[in-house]
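**Q** Per Swiss-Prot, the feature transmembrane segment maps to 7-27, 28-48, 58-78, 81-101, 110-130, 147-167, 174-194, 200-220, 240-260, 274-294, 315-335; the stated evidence is sequence analysis.
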Amino acid sequence: MKYIKSPTMALAMSTLIMSTLMAVSSANWMFLWGAMELNLLSFIPIMMQSNNNQETEGAVKYFLAQALGSALLLMSSTSMWMTFSMISNFMPLTLMAAIMLKLGSVPCHFWYPSVMASISWVSCLILSSWQKLAPLSILAFLLPQKNMNFMLSMAAMNALLGGVIGMNQTQLRTIMAYSSIGHIGWMMSLAAVYKPSSCIMYFVVYCILITPLFMTMGYLNMFSTKHMSKLSSYSSTVHMALLMVLLSLGGLPPFTGFMPKLMTIMLLMQSMKIILLILIAGSIMNLFFYLNIIISSMPLPPHLKNVDSTDIKCSLKFVIPICTLSLGLSPFIML
């Protein structure tokens, strides 16, 4: 409601939507660059809505990262016209780096988790969904022809890094940031094999899944895994619905989030088994910390309330990896 009541926020939101649509529908690099600059300037007031120091710091980090990406985008897109220059040979790679920086993809992901940890859940939702639409569309529709091998290697790195580092986090917003990095790996793999429509479909499913999750976490003021215990005080319907969203986000069959991953597996199975293996390994690690969040949200039964919690945690350290690894066996059998 605060966005509607404030004229500044209403203007920022409308400009944010229009600038993204302009960028997606653009047929000119300069027009695309201008639309993405307008998008950047529109999102910063939304990030700083509560005027606290943490959100201001996150907005500054976001501005610096996106400004660097915009500079690389402008330089590379204009230099590609100069076919006689030796520098123009490196411009497609520079353009790729600019888009990956704006997307928050490996190896240009340095700003993304820290910004996510500094802003509100509503801003996190916009940053993880709407703000990725324009760079992801460019990545899917314009760039894969000359960068297939590079994109596949970056997709594998996204999946691995998102899973490995995400397992060591306790802050929910940081976990969701590394989860997003892992999902970017799956989207990039679809873009690399010339399936842009499948890439966008995966992105739409991802946005549908994170929207109720982020909104609920923001409503309940949950910022750490220990705050997940608040869910047990609400109705069992809300609790179970959020747990199902988490499992779906992890790609567990037969939930909705498994469908785009199954589609990716079928597309990559014939000729890119190594990349597929790495993607599945990263997805299993993602599922590990989703299960960790789910267990944190479950209340202990009465007969276990007097049991030492360290004993339970030690046993879960063995149970969770075994359960998570067993869930990933079926794709390997298909290979």
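Placement of Cβ uses the backbone N, Cα and C atoms for every residue, glycine included.
Buried or exposed, and what's around them? Tell me for each listed feature.
**A** Long-range contacts of the transmembrane segment (7-27) within the same chain, counting only residues at least 6 positions beyond its ends with a Cβ under 8 Å from a Cβ of the stretch, are 35-36, 38-39, 41-43, 45-46, 49, 126, 130-131, 133-134, 137-138.
Tertiary proximity for the transmembrane segment (147-167) is limited to same-chain residues at least six positions away from its ends with a CB under 8 Å from its CB atoms, namely 92-93, 96, 100, 105-107, 109, 139, 175, 178-189, 191-193, 272, 275, 278-279, 281-286, 288-289, 292.
Nonlocal intrachain contacts for the transmembrane segment (174-194), taken as residues 6+ away from its ends with a CB within less than 8 angstroms of a stretch CB, comprise 103-106, 109, 112-113, 116-117, 124, 128, 132, 136, 139-140, 143-145, 147-148, 151-152, 154-163, 165-166, 202-203, 206, 210, 214, 225, 249, 260-261, 264, 267-268, 272, 275, 279, 282-283, 285-286, 289-290, 293.
Sequence-distant neighbours of the transmembrane segment (200-220) (same chain, 6+ residues past either end, Cβ-Cβ under 8 Å): 120-122, 124-125, 128-129, 132-133, 136-137, 140, 172, 176, 183, 186-187, 190, 227, 230-231, 234, 238, 241-242, 245-246, 248-249, 256-257, 259-260, 263-264.
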**Q** Please give the sequence-distant neighbours of the transmembrane segment (110-130): residues at least 6 beyond its ends with Cβ less than 8 Å from one of its Cβ atoms.
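**A** Result: 16-17, 20, 43, 46-47, 49-50, 54-55, 57-59, 61-62, 64-65, 104, 171, 173-174, 176-178, 180-181, 206-207, 210-211, 214-215, 217-218.
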**Q** Go through the chain and flag residues at least 6 beyond the ends of the transmembrane segment (28-48) whose CB is under 8 A from any CB in it; none is fine as an answer.
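**A** That would be 3, 8-9, 12-13, 15-16, 19-20, 22, 55-56, 58-59, 62-63, 66-67, 70, 73-74, 77-78, 102, 119, 122-123, 126-127, 131, 134-135, 138.
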